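Copied over from TrEMBL:
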BINDING   CYS40, CYS63, CYS66, CYS72  [4Fe-4S] cluster binding site
DOMAIN    39-96  domain '4Fe-4S Wbl-type'
Amino acid sequence: MWDASRDSAGKGAGDAHVQYDAWGLFGGTDTLSWRQRALCSQTDPEVFFPEKGGSTRDAKQVCELCEVREQCLEWAIDHDERFGIWGGMSERERRQVKKERRCA
């Protein structure tokens, strides 16, 4: 979980103390087991959602070492995830994989 009451520098963003479970935003508990084992669950979520033009290198390095990379990638492709790094791929890279699969 990450603390939404703080910005990326750890400074408070207001009086409200709100925490978000990022995985809760992306579906039910049927796929929770692989999500719990994902290395990204131990990493700052901002790494996986860089600003436009920002580097994806750090996120992709985490994904390279992750035991559930393939499951993560398939989830993102199956759910047409349009933002962030999933399974070591950007949205553009996932779109290309999807296109190649349709043509095969």
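Just so you know, glycine gets a Cβ as well, placed from its N, Cα and C.
TrEMBL does not curate its annotations; it predicts them automatically.
Sequence features annotated in TrEMBL and their locations in the structure.
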residue	record	DSSP (3 states)
CYS40	[4Fe-4S] cluster binding site	helix
CYS63	[4Fe-4S] cluster binding site	helix
CYS72	[4Fe-4S] cluster binding site	helix
Open item on the list: Taking only same-chain residues 6+ apart in sequence, whose CB is under 8 Å from that of CYS63 ([4Fe-4S] cluster binding site), what do you get?
Closed with: LEU39, CYS40, ARG69, CYS72, ILE85, GLY87, GLY88
- [ ] Around the recorded [4Fe-4S] cluster site, report the further residues of that chain (criterion: Cβ within 8 Å of the mean position of the Cβ atoms of CYS40, CYS63, CYS66, CYS72; site residues excluded), sequence-ordered.
- [x] ALA38, LEU39, VAL62, VAL68, ARG69, ILE85, TRP86, GLY87, GLY88
- [ ] Mind looking up the mean pLDDT for the domain '4Fe-4S Wbl-type' (39-96) in the predicted model?
- [x] 96
